[in-house]
Amino acid sequence: MIPMPAKKKVPTKATAPKSVTKPAVVKKEKEEDGEQKSGKTFDLLRGFRDILSDDQGRWNLIRDTVRSMAEAYSFDRIELPILERSELFNRTIGKGTDIVEKEMYTFTDPSNRSVSLRPEATASAARAYISHGMLDRPQPVKMWYTGPMFRHDRPQAGRYRQFYQAGFESFGVNEPIVDAQLIVIGYQILRELGLDVKVQINSIGTTECRQAYLAELVAYFRQHRNKLSDEDKRRLQKNPLRILDSKEEVTRELLEGAPQILDWLDDKSKEHFMKVLEFLEEVEVPFVLNPYLVRGLDYYTHTVFEFVLADDEGAKAQVALGGGGRYDGLVELLGGRPETPGCGFALGIERISRALEAKGINPPERPQPQVFFAQLGDAARRIGLQLFEDFRQAKIPVAEAFGKNALKAQLDVANKLGVQFTLILGQKEVLDETIIIRDMESGAQEIVDVKKVVGLVKKKLRHEEGVDPIMQSPVEVA
RNA sequence: GUGCCUAUGGUGUAACGGUUAGCACAUGAGUUUGUGGUACUCGUAGCGAGGGUUCGACUCCCUCUAGGCACCCCA
């Protein structure tokens with residue numbers, strides 16, 4: 001960088017002709033362009049945010065846990081595109097759902113095609129299953145993914161327009177044990193993270209028995225139509241299943257006398273569901289049968305479930321940390337082989353991170369350096385640059401403060417960082433090919449051969465810690 | 001998408017229809033030459049944006065934007 005002169009006042013040209021109208025015109029044009037005025041900072045789009053290092057420790061923890069669980073259960077990683085044809089989501093999630101109707105980022109791309117930012121990834125996973133002929137692989141085909149999803153919803157705590165999910169999908173097998181295993185995986189991920197969760201579970205059967213049930217449910221509420229709120233009347237019209245999780249007092253009372261979906265399941269569905277529950281009991285996953293649990297996507301069949309914080313259970317506004325279910329019609333709906341079963345779930349990373357934060361779980365983003373490098377003069381900097389590389393290869397993180405020149409200021413930073421050792425390299429040391437190792441706690445210094453410093457520091461660190469903390473591999477990002 | 005609440009330097013905050021908008025933390029430079037934790041000095045940096053009411057607005061009103069909460073919905 002070329003050093004810039006300190007702020008200088010630009011001499012005002014007294015003779016400069018005053019132009020009153022011109023700047024105003026320029027400004028106007030800019031505004032019409034929809035650009036932010038120069039000099040103004042850019043605001044984030046509503047519901048979008050930067051995830052800073054404060055959160056990265058938790059995010060890493062979550063991603064690492066997800067990844068190791070995925071590997072332990074032999075799920076294969078899949079990267080799915082963020083943009084898909086709109087039709088993919090319209091067909092699967094359902095045209096009448098809020099997600100498709102008002103929350104999707106849908107636009108026409110330059111080739112005049114309607115595309116959408118994915119609001120979730122299950123549909124994409126099913127699409128991938130079909131388009132790569134995965135039905136010719138041994139079933140089930142198990143995959144997992146993580147990445148951003150987009151929904152134009154009104155932002156709220158734990159709810160953003162760009163949010164991250166980690167999901168697991170299993171295609172090709174309709175055994176209840178598949179459902180159970182997925183639930184176990186989700187449950188164990190959350191548990192391993194230190195969260196006390198319960199599984200809310202229900203079965204909504206096949207499309208056929210659900211239709212029969214819905215007719216009955218609507219008929220029941222029709223009798224009490226005058227007691228219902230406008231909102232619930234609307235639901236009765238549009239999506240009667242949703243009336244089950246109405247928060248309206250009257251409706252909740254009415255629900256007690258309402259027909260229950262479990263009574264309308266056909267024998268096979270019932271048996272499937274009972275087996276899932278039995279498996280869960282067997283592995284001691286705490287679950288609550290919630291006959292009012294329905295989920296917002298049309299493709300679900302049979303088992304549906306959500307992971308809810310246990311201490312949230314009584315709370316009115318309990319947020320699910322994740323949820324999922326079986327979707328036996330999904331592959332067929334997308335033109336794949338008829339009757340291909342599938343089951344999966346997704347976890348909301350922000351919500352989990354929030355829950356961890358509430359519990360005071362906040363691991364550091366990366367191991368804090370125990371060594372600081374202080375430099376004096378250009379010659380020292382040149383050698384220092386190489387030294388950093390030597391330490392890096394020895395897997396010892398080293399901090400610095402290149403913005404400071406005074407040794408005093410550098411030691412100040414070292415102190416604030418809480419490092420154990422500071423390496424001091426000045427002009428004198430450069431000439432002697434030595435370097436000073438300063439023990440920050442005792443203040444003791446020794447002058448050592450610069451060529452041996454890496455080994456010496458390594459030894460010292462080992463000695464201090466007993467175990468070797470620096471050999472830990474850096475935290476992997478999923 | 002609906003309703004309610006909120007908005008002051010990077011962070012947390014104070015005040016007032018008229019003051020150089022105060023404080024703390026953080027940050028930068030320094031308290032003589034190459035040695036940290038304390039102390040001191042000085043500096044950088046703010047009324048979310050745009051309109052109105054008013055002699056005068058950070059303060060009152062409106063709109064927008066953003067955040068929070070509830071609803072809707074959902075991860």
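In case you wondered, yes, glycine gets a Cβ from its N, Cα and C as well.
Just so you know, TrEMBL annotations never went through curation; they're auto-generated.
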Practice task
Pick the one from A:Arg137, A:Arg151, A:Arg154 that TrEMBL also lists for the L-histidine site with A:Glu120, A:Ala121, A:Thr122, A:Gln165, A:Glu169, A:Arg295, A:Tyr299, A:Tyr300.
Solution key: A:Arg151
Completion exercise
Neighbouring CB atoms within 10 angstroms of the CB of A:Gln165 (L-histidine binding site), all protein chains considered, total 21
Problem - Cα-Cα distance maximum in Å, computed over every pair in A:Glu120, A:Ala121, A:Thr122, A:Arg151, A:Gln165, A:Glu169, A:Arg295, A:Tyr299, A:Tyr300 that the record assigns to L-histidine - result: 21
Fill in the blank from the handout: The most crowded of the binding-site residues A:Glu120, A:Thr122, A:Arg295, judged by neighbouring Cβ atoms within 10 Å of its own Cβ, is A:Thr122
Practice task
Could you find out if DSSP has A:Thr122 (L-histidine binding site) as helix, strand or coil?
Solution key: helix
